[in-house]
Amino acid sequence: MRLHVADHPLITHKLTVLRDAKTPSPVFRSLVEELVTLLAYEATRNVRTEPVEVTTPVARAQGLAISEPRPLVVPILRAGLGMLEGMVKLVPTAEVGFLGMVRDEETLLPTTYANRLPDDLSDRQCFVLDPMLATGGSLSAAIQFLFDRGAVDVTAICLLGAPEGVEHVRQATEGRDVTVVLGALDEKLNEHGYIVPGLGDAGDRLYGLV
Ligand code: URA
């Protein structure tokens, strides 16, 4: 697994406002969108392309087009939805699938409760959106789900991560082509599974339940 932690003052500035408990939901939502676009710039560095030629008003020019099959963007419900708009703005030709993951309270294992994805992901590059990489359980399960359907490589974009979650994903995806792009790597998880210092519950802050 490759880990890329953003290192840019604009990203840190936007994350600082996002972390602030006083930031209201509408501002939080637009900051998430802006941050995803900035992180997606890094996350799509290896998006598959092919050479194309266009005619400018002056001459022929060589360029790149995003290859088929188109990249698949997969927000993990619910909080990943808040990241979708920013991602498709940057990669408008991407297809979008959805995965809902929930932790089974008996087994404590993440299970899939919703899935709107093509059955066959052979040869697909996938971009998973999940704002908080906390324990890493649901992100690992989502990544495994995509590989089970034939995905060739998976890049996860998360706003914040905890070292415990990064390690979990690293071990669970050993031998696979996985990249994790984080806005920041925080200190730790607390006893309730929240990222410290973090930003609280990303879903609640996006959708206004606090
Ligand atoms: N999910 C969140 O929304 N916040 C955390 O801190 C951890 C998991």
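The backbone N, Cα and C atoms fix where each Cβ goes, and this holds for glycine too.
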Which candidate from ARG45, ARG48, ARG103, ARG176 does TrEMBL annotate alongside ARG78, ASP130, PRO131, MET132, LEU133, ALA134, THR135, GLY136, GLY137, SER138, ASP201 at the 5-phospho-alpha-D-ribose 1-diphosphate binding site? ARG103
Within 10 Å of the Cβ of ARG78 (5-phospho-alpha-D-ribose 1-diphosphate binding site), how many other Cβ atoms can be counted across all chains shown? 16
Mind computing the max CA-CA distance among ARG78, ARG103, ASP130, PRO131, MET132, LEU133, ALA134, THR135, GLY136, GLY137, SER138, ASP201, which the record assigns to 5-phospho-alpha-D-ribose 1-diphosphate binding, rounded to whole Å? 17
Cα-to-Cα gap, MET132 (5-phospho-alpha-D-ribose 1-diphosphate binding site) vs ASP201 (uracil binding site), nearest whole Å: 9
